[in-house]
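Notes follow once the structure below has been shown.
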Amino acid sequence: MNNPWYVDDPSPSKNENLVYAHGTIMVISWMLLASTGILFARYGRHLRLSGRRKLLGDTIWFQLHRFILCMVTVATLLGFFLILIKEKGQWVSAAKDGGHIFAHSVLGAIIVCCALLQAWLALFRCNTDSSFRPIFNWLHRSMGYLAFFLSVPTNFLIVTESKVLPMQQDGLIAILSLWSAWIVIVVILFEIVEYRDRLNSKMGIYRVARNELMGQTTSLKRKMDNNDGANIRSLNEVKLFLFLLHIIVAVSLTIPLVVIIWLQN
């Protein structure tokens, strides 16, 4: 069989390094970088570092989100071009290459299109007071989530294809399963923290209104303000811990996955 996807191809000119480099770049981009950037956008909008909310003139979450997702876009295009070079510009077919590989290529193409559209939208991002801003926000959020969610089955499709990755398949599937479970867990944890944050905000508004009606003393108001500040700092520390924990888990799962990919060689 003469298809360059297949590791049992006896052709002496066969070199799978581009395939493994493609897999490595995509794994790092979507398991580590994309997940982190999306979490910062969803849960890091009120994040503070050393009491500061801004970094280089803009909010911390936005700077991190923009930088990380720009890296994801560039890396995704690089990975896409690597596999195109390997395949000499030829698209795979379900009949010749198998259903898993064909589905992987289709989902991968959708992800690449989403990444390009996200970059294009970012260049023409409208002002926050623009009437088109809700449309931008909806498109930006929808395409980002779509690309990330599609990356999960895209990875599963290729690691379950024995013609491409015949070694340590159980290990690859186990790592991706742990990764999928972790994403669900970390989102639940962040949602709990966000719920506590919204609850504290509502309670703070209620206390301010009550104090104004009842004419509370200045010392009592200051004490309540200090309590509110302590709650905000506590929730901020919890979020920072969760972000750090996510990065540690993502790196811990990404490294062995990349190692197993290169052990195929």
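Going from the start of the chain as shown, residues are counted 1 onward.
Glycine is no exception: its Cβ is also placed from the backbone N, Cα and C atoms.
As annotated by TrEMBL, domain 'Cytochrome b561' applies to 1-198. Per TrEMBL, the feature transmembrane segment maps to 20-43, 64-85, 101-123, 143-160, 172-193, 240-263.
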Stretch winning on C-beta pairs under 8 A with the transmembrane segment (240-263) (pool: 20-43, 64-85, 143-160, 172-193) is 20-43
Same-chain residues at least 6 beyond the ends of the transmembrane segment (64-85) with a Cβ under 8 Å from one of its Cβ atoms are 18-19, 21-22, 25-26, 28-30, 33-34, 36-38, 40-41, 44, 55, 108, 111-112, 115-116, 118-119, 122, 144
Beyond a gap of at least 6 residues from its ends, the CB atoms lying under 8 Å from the transmembrane segment (143-160) belong to 23, 26-27, 30-31, 34-35, 38, 41, 69, 100-101, 103-104, 107-108, 110-111, 114-115, 117-118, 121, 169, 172-173, 176, 180, 183
